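Lifted from TrEMBL, the feature list:
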{"type": "DOMAIN", "residues": "B:1-103", "note": "domain 'HPt'"}
{"type": "MOD_RES", "residues": "B:HIS46", "note": "phosphohistidine"}
{"type": "REGION", "residues": "B:249-280", "note": "region 'Disordered'"}
{"type": "COMPBIAS", "residues": "B:252-261", "note": "compositional bias 'Basic and acidic residues'"}
{"type": "COMPBIAS", "residues": "B:265-280", "note": "compositional bias 'Polar residues'"}
{"type": "DOMAIN", "residues": "B:278-528", "note": "domain 'Histidine kinase'"}
{"type": "DOMAIN", "residues": "B:530-660", "note": "domain 'CheW-like'"}
Amino acid sequence: MENYMKVIVFTLKGQRFGVDVQQVISIEKIQEITKVPRTSEFIKGVINLRGETIPIVDLKERLEIEQTESSPNNRFLIVQVEDVQVGLIVDSATDVLDINTDAIQPAPKMIGGVQEVFLQGVAKLESELLIMLDLGRVLDLEQTNEIKEIIE
Amino acid sequence: MDTNQYIEVFLDESREHLQSVNDNLLKLEKQPEELTIVSEIFRSAHTLKGMAATMGFEDVASLTHQMENVLDKIRNGELVVTTEVIDVTFSAIEALEEMVESISNGNDGKKDVTELVSKLEKIENGSSTHELHESTPSKTSDTLFEMDEYQSTIISQAAEQGYQVVQITVQLNDDCILKAARAYMVFEKLENKGEIVQTIPSVEEIEEGNFEQDFSLLMVTKETNTDIEKVIHSVSEINQVEVSEFTLEKANNNEKQESKPESVTPDTNTEAPQGKQKQSKTIRVNLERIDNLMNLFEEVVIDRSRLEDLAQKLKEPELTETIENMTRVTEDMQGLMLSMRMVPVEQVFNRFPRMVRGLAKELEKEINLEITGADTELDRTVIDEIGDPLVHLIRNSLDHGVESPAKRRESGKPEEGNVSLRAFHSGNHVFIEIEDDGAGINRDKVEAKAIENGLLSAEHSEVLSDEEIYQLIFSSGFSTADQISDISGRGVGLDVVRSKIESLGGNIIVESEPGKGSKFSIQLPLTLSILSTLLVNVQDEIYAVPLSAIVETMLLDETQIMSVQGQKVIDFRGKVVPIVSLREIFDVPRQDESKEENAVVIIHKGDKMAGLLVDSFIGQKEVVLKSLGNYLRDVFAISGATILGDGQVSLIIDPNALVK
């Protein structure tokens, strides 16, 4: 059993991605976002989630994937990495899968249009390849030197 | 015995006792003759020793025990209070504090106290060792029996009825093991012969064996002195017995000797019972619970604004009325809840007298610290954070502010420097001021240093006012002390102080007059979590501006806006105030071209002002401050977010960042 992990599967522009279920707090319907000025482009703002303010990141923009039309299937994937809670905008959240960790292999340089730094690996499933995201890297603001501009 | 459940009580009480010893030692140093203070210290030390022994913290007990011995000597007039005595006692107190802290952190509170114990022993034995042995009899007959009214009545009545009152001092053998048992046997024998009126130490203490080799007692009897001596000697392990006649005059004499201290005693006596009464009405509540309550209450405040919104839409008079009432009640609740979190700033100020004393010694300066407003209350979270910055500022005043006695004499000032620490409320803020009558800040030095460190250009420095120059000392990497001392001068200080205070939502300014001294003023908000704001509209966005920073709001005509070197300004009551458009600063997309920005919120930071250009004002609102979370730190000009009645998140503007 130890070799299996539960993974939440979501889509971005048709491509299926996976994140460890341990890191996902909840999946929420899209609601109105309050913009926060002078932050990185991919930070869309903050939302009120049951009395707490949660910053929202547009995952497609963060991973430099082309935008798609918004649809009623769009969701906020609320994730937690260490002490940081963030909501990610995804096209849709589809299933929960059990994946054999042995099936996860290191990612090639570029896959599904996503840079290697953001990837944990690729899981080879029976009928598809599931890209596993490294959320720590995705949320690390310094990773791509996208440090917010602070104008004194 | 399972002592775990008492540990909290033990810790709290130990801290209280240590603090009281601390305060009294400082008093004692100023009035070394005042024996009531010694007794006060003795009492605290004694209780502490008892508690520590019960709880099994032996090092604490043994150190306090030795301290007690020294104090006892002082109390009995065998030892004179010298600076050395005070110093050693202080270091003992410091060690005790450390041990108590270590216990509170879950450790065993063990510490090597042998050095301190031997130092205390040295003091105890030092000057008076031989004297002690020779003068034992005379000393014991001097033992002070403090009479209360009841006891003196008994004695005078006994005398009238032909009884004699004797004072007996019993000294046990040095190697006596069962001291308490021997004492008990003495008591038992004596009880057949007469009535024991008073004992020193108290009966309970004697029964617990809490005494050195000797104890004294006062009894009313018909037996002769020699008979009594014989009776006592029939108990084994008795070294020496001394019986002497005791008269009320003698006691009165003693009282007269003590009459000076007596004038102080009533105070403490009347205070003590009051303190107890108060105590019975308070309970200790874990801070966490209060925090939880506060969090729940914040939810209520959010829901309340939601209801207010609804009521406005529905326009049902009954609903509106109910909600208005609820608003009043919740406002009262909020006040209560905040007051529960308020703690007197005394908690922080307490440790300063000793610190100043120590520092003054180290720096060889004479300094008098004056504290006022220690009962001013502040939010618990602020109290927890403000200690270090204050320590730093006080050190700074002592080190850089107050001059050496010689220098002070030269400039015609009294040798003793004055540092005053003040706390007071004003409006929605608490002010803490630290003022010294030292040399003041040297503008030229600050200027030179700032230029040297690249904080300032030489040309620019000429335009700046003294005030502006002084504020530079809060910049990072700044220190004007010529010599680097242990106490300050590492230059990491004042900027840390400033950022700490700003993180608490406060600010700090410094005023100074060369030759006369300097004053640091810290302004702190009363509370951190709920604040009054003005909600404003900018296009589709709603922002909240803290009311505390707002000077005035006004509506502008396009014509009133002037331009000075590309900067928009207005004339506000004869002052030129720069205008900042929130829409431009926050880059809010312009969706509705027709919306005119003609409303201005004038905000201030210290005495500088700026005008924020917004579309319209919405109204005043109490909001709950929420952080933006760890992901979004240091967002420019935003101090947090809040949730409005309709569930929308609104950002709270940090006015400090917008005023330059």
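Note: Cβ is positioned from N, Cα and C throughout, glycine not excepted.
According to DSSP, the residue listed as 'phosphohistidine' sits within a helical segment. Residue density at B:HIS46 (phosphohistidine): 20 other Cβ atoms are found within 10 A of its Cβ, drawing on all protein chains shown. DSSP assignment over the domain 'HPt' (B:1-103) gives 87 helix, 0 strand, 16 coil. Secondary structure by DSSP for the domain 'CheW-like' (B:530-660): 14 helix, 72 strand, 45 coil. The average pLDDT the prediction assigns to the domain 'Histidine kinase' (B:278-528) is 80.
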